[in-house]
């Protein structure tokens, strides 16, 4: 018999009476009146092993076994006694009567119990190998594998070719910071780890590969958040000779396929499409969570001439905005709740949170409860009630500031209220999956510090055909052929139709204040390639980490990555990054200059 005949979790009634050889780890050991029970665990689950004292040598070995010992068990499958079955396990109707027990490797006492759900993330990441033994982590990483496999199956079936692109490439610092790799053989020069395979996949389209994909690591040296890592994985795709609509349809079908085959979820037959401008107007976000049934009401024009300066000042400012959200039955919220929300929006730059409780609509301003009503004229009060659709028992929250602050703060408040216990109890949030496309993004954003336009997506995104003239006359009006796939408030994929003509790409560089000499130095290889009959092409990249996080219901993408970094971009398991010795630095022609200590 080989070392292992079956996985522990796959031993079922079909094997009754048969001899098996199992390998795994001790999940739990119990001594019941001279009989020892061992729950043996492997990646497929648990099986109960019974060690009785009839076999003295085996029983003696079982007495010395402790949690996380690695064992080989040989025995016979038998039914569990009546009343001792466990419906929660695949193997819950059987047990294995142990004939031979071999300790393949003992274990020191683990620093925590694997079934402890209250571990700190620091503990989990420091002892990641043990953390990965936990059933939830096993489930998450196997789910990740299945998502990748199903994406590959779909793309393979449509003629996409998996092509690897370089990991050591050229630094083109547009956007996030690059991770740099010094070149020993070219002193003073550096490679960069790719933030995406963007330019290489475009070159593959010029090279007539037609359809490309890659499940690929990408790197960005940026401040981390719950949904960011310095190294992350993309399902990266590019295709030639398809329109924007055809590209969206193709990859919408891919996501539907992946969800159906991996977690049995049927997504909408057709994802809704929303303009970027509409998303910002209604939700203050370009990745709206459509499960939350709260929307913005714009009031900027209605409060321009009120005495309340908190409203009228931003309402008369070029980039100002005044908006509100009506919360049905929000009149039930206590003053403590309102104060808590006020502190919450300050995180996003808001100076405060104005509110009106609607006690009785029919009474007009007399039916409203708020410290701000006295500062609003009748026309403004009427507009607020009518536009928000306020009813008795509602509360209206307001934000008034620069548009970005209003969108960020009121958008965050919308989600917080919607997903709160109050929101769930009052039907303000739906369950399930709400996908959509957000399209027609601005081509450029204005950087006040540098006094120039920067690419909102990246500088290789094509402008809409009817906006080509704006590249040289009015870049702020220029919209892009860009699209994001959004699911439950997360951007899970982003892409665009690319620029395939050299003269258009050069115009975009000029709009970005990248002169011809700089463009040739940084992107000459692309500009040259575009002159050799480059085909119309476009693509998309999906965040594999984000998709799996959502499917698994995990709190962080660190729960679906085997060996993630912390929010300080450190690996607590290996203690990376680490110092290197002086000899290595000399070989790389590098001298360290430590930052000045902060006072």
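Placed from the backbone N, Cα and C atoms, the Cβ positions cover glycine too.
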Do you know which of 198-201, 202-205, 206-209, 210-213 Swiss-Prot annotates as region 'Aspartate'?
198-201
Given that Swiss-Prot records 220, 221, 222, 491, 543, 544, 545, 546 as binding ATP, the matching residue among 214, 229 is 229
Just to confirm: which same-chain residues, 6+ apart in sequence, have a Cβ under 8 Å from the Cβ of residue 220 (L-aspartate binding site)?
176, 177, 179, 195, 228, 230, 232
Confidence summary for the region 'Aspartate' (198-201), mean pLDDT rounded:
97
Greatest Cα separation in angstrom, residues 220, 221, 222, 229, 491, 543, 544, 545, 546 binding ATP per the record, works out to 20
Here's one to test understanding: among the binding-site residues 222, 457, 491, 544, whose C-alpha is closest in space to the C-alpha of residue 32 (site 'Important for tRNA non-discrimination')?
544
Using DSSP and three states only, what is residue 32 (site 'Important for tRNA non-discrimination')?
strand
Nearest recorded site to residue 544 (ATP binding site) by CA-CA distance, among recorded positions 83, 457, 498:
457
Of the binding-site residues 457, 498, 546, the one whose Cα sits nearest to the Cα of residue 83 (site 'Important for tRNA non-discrimination') is 546
